Amino acid sequence: MSSHIQIFDTTLRDGEQTPGVNFTFDERLRIALQLEKWGVDVIEAGFPASSTGSFKSVQAIAQTLTTTAVCGLARCKKSDIDAVYEATKDAAKPVVHVFIATSPIHLEHKLKMSQEDVLASIKEHVTYAKQLFDVVQFSPEDATRTELPFLVKCVQTAVDAGATVINIPDTVGYSYHDEYAHIFKTLTESVTSSNEIIYSAHCHDDLGMAVSNSLAAIEGGARRIEGTVNGIGERAGNAALEEVALALYVRNDHYGAQTALNLEETKKTSDLISRYAGIRVPRNKAIVGQNAFSHESGIHQDGVLKHRETYEIMTPQLVGVSTTELPLGKLSGKHAFSEKLKALGYGIDKEAQIDLFKQFKAIADKKKSVSDRDIHAIIQGSEHEHQALYKLETLQLQYVSSGLQSAVVVVKDKEGHIYQDSSIGTGSIVAIYNAVDRIFQKETELIDYRINSVTEGTDAQAEVHVNLLIEGKTVNGFGIDHDILQASCKAYVEAHAKFAAENVEKVGN
């Protein structure tokens with residue numbers, strides 16, 4: 001019988017530390033709901049003491065989820081622990097995650113503390129946290145660069161103070177397979193407690209070994225894995241949870257352990273995070289990449305046609321990738337469109353389907369067939385526009401002279417107010433973005449601009465991601481349209497709208 005490996009998702013906390021990623025309040029809530037649907041055991045929803053925005057989003061997630069534990073991060077500070085308590089007290093399963101650095105380099109250069117000071121702080125703050133929470137998780141930050149005897153002392157101190165979950169972070173992705181497994185074996189053999197202690201692994205991918213080390217931790221005695229969807233996170237990112245889960249599923253013969261994830265929700269979860277983070281999943285990414293179940297070699301294709309297991313160790317359906325696609329066309333009616341939405345797993349009410357059907361027909365008039373990916377794109381674009389405080393109403397472009405373009409942009413807010421401005425620039429994109437900047441009355445720096453095609457072919461929809469720096473804050477925007485310039489404008493407007501929403505501003509004169 002397989003043992004249960006808990007999944008601790010930190011996409012909303014560690015994942016959001018990815019450069020350029022800044023989820024909105026609504027996006028955080030939607031992500032949390034999808035993670036619960038995916039079946040994760042614990043969601044680290046944020047760091048409540050870090051900002052009012054983080055506190056409010058953690059609080060909203062705690063009040064919304066019904067089965068998944070909601071965790072908040074706290075330094076060894078009573079005010080941090082209090083903030084987590086206030087944010088998560090309405091959760092079905094509240095958890096606090098207390099941490100302090102323990103490695104020599106952190107003690108000397110960051111904390112300016114002795115080992116004795118650190119041990120005293122662990123005892124004081126874990127004891128305090130235990131008075132407020134049934135479940136306290138403790139992490140010795142930079143554990144893999146901490147002397148093992150001192151690490152054992154830190155963990156024993158935390159356990160004696162009431163921690164029942166011990167997380168061992170490979171904070172800078174420094175460890176390797178055997179070394180990391182040895183740390184867990186040493187702790188499980190050395191630390192004593194009358195309570196059951198769950199050991200957890202938290203690996204970063206600086207040397208490309210986050211998933212491998214996470215699996216090594218299980219071999220060493222870990223019963224919980226921490227990570228993010230698609231492996232997003234600071235620097236090179238975190239362990240990709242979908243890869244860990246599928247490795248355990250496919251190689252259950254070796255690990256004898258399984259997660260409780262609903263694996264069929266994996267692709268949908270990955271796509272959601274990719275869209276909101278503005279980070280496209282690489283085509284060759286394991287499990288969820290576009291090429292994960294593709295076979296180009298003639299020998300491979302022949303083998304798969306004869307028997308799929310010749311070159312596939314898991315099925316696309318296992319992770320929610322459909323392979324029995326029946327495209328729609330311009331003659332497809334409302335009923336066929338509605339049935340397609342159901343088949344793709346969308347529970348959309350009839351009123352919302354009316355607008356989606358109009359968008360579908362507009363695309364169907366321009367394409368021979370509308371694929372499942374087109375349908376997903378329509379819904380994604382609609383969700384973004386529905387959530388936005390402002391959205392693009394119209395865009396007009398005109399060639400002026402000597403390479404100059406003129407752009408007139410009209411934006412509408414949720415109350416129906418119209419904002420319009422125009423500008424000239426060296427090229428269409430510059431003209432459009434100058435006009436939008438004038439509407440929102442903000443100086444911006446365009447950090448990143450990317451165009452992806454939703455499907456193959458010259459008639460594909462365009463998916464545009466932008467990353468802007470506005471008043472020192474990084475925001476991303478996303479736009480989908482059959483016209484690249486329309487998609488580019490939608491993405492830029494959305495980025496401005498996100499900034500305005502986070503700062504509760506109105507635009508225009």
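Placed from the backbone N, Cα and C atoms, the Cβ positions cover glycine too.
As annotated by Swiss-Prot, domain 'Pyruvate carboxyltransferase' applies to 5-267, with the evidence given as sequence analysis.
Residues or ranges marked as Mn(2+) binding site by Swiss-Prot: Asp14, His202, His204, Asn238. A simple way to gauge crowding: the CB of His202 (Mn(2+) binding site) has 28 other CB atoms within 10 angstroms, across all the protein chains here.
Taken from Swiss-Prot, the feature region 'Regulatory domain' covers 391-509, and the record attributes it to sequence analysis. Counting residue by residue with DSSP, the region 'Regulatory domain' (391-509) contains 32 helix, 54 strand, 33 coil.
Taking Cβ-Cβ distances under 8 Å and a sequence separation of 6 or more, the neighbours of Asp14 (Mn(2+) binding site) in its chain are Glu44, Thr228, Gly233, Glu234, Asn238. Summary of the Mn(2+) site environment: with the site residues Asp14, His202, His204, Asn238 set aside, the chain residues having Cβ atoms within 8 Å of the Cβ mean position are Thr10, Pro169, Asp170, Thr171, Cys203, Ala210, Glu226, Gly227, Thr228, Gly233, Glu234, Gly237, Ala239.
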